[in-house]
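Quick look at what Swiss-Prot lists:
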type     : residues : note
SIGNAL   : 1-26     : signal peptide
REGION   : 30-60    : region 'Disordered'
COMPBIAS : 116-131  : compositional bias 'Polar residues'
REGION   : 116-141  : region 'Disordered'
CARBOHYD : 117      : N-linked glycosylation site
COMPBIAS : 257-268  : compositional bias 'Basic and acidic residues'
REGION   : 257-294  : region 'Disordered'
COMPBIAS : 269-294  : compositional bias 'Acidic residues'
CARBOHYD : 300      : N-linked glycosylation site
DOMAIN   : 327-371  : domain 'TSP type-1'
DISULFID : 338-365  : disulfide bond
DISULFID : 342-370  : disulfide bond
DISULFID : 353-357  : disulfide bond
CARBOHYD : 392      : N-linked glycosylation site
DOMAIN   : 396-559  : domain 'AMOP'
């Protein structure tokens, strides 16, 4: 009987301990049978509750309507957890998650890998977590499930339990902004997991796309346009001035040889006796060929006659004396027959200049005058006037003749006409130097002409301001355009204070030939007179006075100007 009492007491103690354990932990002693998963499927956590009133069936039916359910650990009235694994579903075809066997939550969670020492499962590293002490209404929870990518939220409810929600992928139509993150114990617990040591809980959405739109700089486009100018060809009569200017300055040197006296030829022969005749003939032949090529190059252009139209900026760079082609240049072909029957025509010759390249040279040929045009040439200039210009140009190089005075007193109707047209169409000099012109060409409005003109800086080392404009610090030169009626350009110079020099040795003069067209022709037409006059700017200014069309203040002052004038006379 005593053994029976001991056994009964032991049984009562076991029952008492089981009751106390059930009351203390709130864990089920018996596993209720629920609609379990299909045999052989993966075990999934479902809603688990130890309370006598389980979750309503209506809520379980609404859960499959979500495009992607949330992993939720939600305590109910008796401090229990509700865990739901995310199910990948499409709207309209959702299936309810499978419910595994009901077991104690703590034992099931500890069986998961990586959660031996934690109370939560390993979250998605792309999720975000936030916690708030206030409970959220059921309606707000349902709306949160409709987010395109909700945050991993752990919210404390009435009985101190947590609700854990995994991000759900929905359509972007019902997106709402994510809630602000807060530092909570849950975040600290998540960061302790080995898989999340180096992970960022606020990792941005990897599905985001970044579009980079390249916007072209308008300033770069302007710079390109500046290099491409001039885009419009000027009137045809602009280039028609050039042949007459060439003839005016240099003339035809053949007439000089015919006018020499027999004694002069004899003196040359005596001087040549000291050298072999073969060397002299070879040098004369080379000089003759160079003169013919140069004359044909300047007078007729590198590709065709001047009548072919405007030359592109790249064509304005004439041949350099230094050749960078290491292959020996081939000989020119014979000149082609003259293209005309009377008056003037054209001749061409060619030579290979490389693979697929042929250089062409053109020159004019003189033919008997056509009937009715004996007294006029193609430019409308009398033939006698051509001879007079040639004779004047020849006399300029005579040591016994004052070349400067000869040039200044040249009474040519053609030159007068050209100068008149040039001075009438050129823009007026700005009273102040535009500093932006040092970097790129500028456009300035000219009130007298009623349109804008392009100007470029002319203060570079090649301009040699220290020689030709010694008191100038800056210079400007107008650019040719489609509206230019001549090949001339306005030249303006300024002092150190960027003020226009209206007189004196530093003032600029209008240029007969613009450097935009040809720097070499500009030197021969505009710089050569300065050399012939031996730097006496006062004599040159008498023919081509510096421009002051905007009535700028006289610069330099009267006293300094008179001192410069006296210096020029004595020099």
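Backbone N, Cα and C atoms are what each Cβ position is placed from, and that goes for glycine too.
A map of Swiss-Prot features onto the structure.
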residue : record         : Cβ within 10 Å
338     : disulfide bond : 16
342     : disulfide bond : 12
353     : disulfide bond : 14
357     : disulfide bond : 8
365     : disulfide bond : 15
370     : disulfide bond : 13
Return the member of 338, 342, 370 nearest to residue 353 (disulfide bond) in space, with distance defined Cα to Cα and candidates limited to these disulfide-bonded residues.
338
For the domain 'TSP type-1' (327-371), what is the mean per-residue pLDDT, to the nearest integer?
78
Which of the three DSSP-derived classes (helix, strand, coil) applies to residue 365 (disulfide bond)?
strand
Please state whether DSSP places residue 353 (disulfide bond) in a helix, a strand or coil.
coil
If I take the alpha carbons of residue 357 (disulfide bond) and residue 338 (disulfide bond), what is the distance between them in whole Å?
24
At the Cα level, what's the spacing in Å between residue 342 (disulfide bond) and residue 365 (disulfide bond), rounded?
10
Residue 370 (disulfide bond) to residue 338 (disulfide bond): how many Å between their Cα atoms?
15
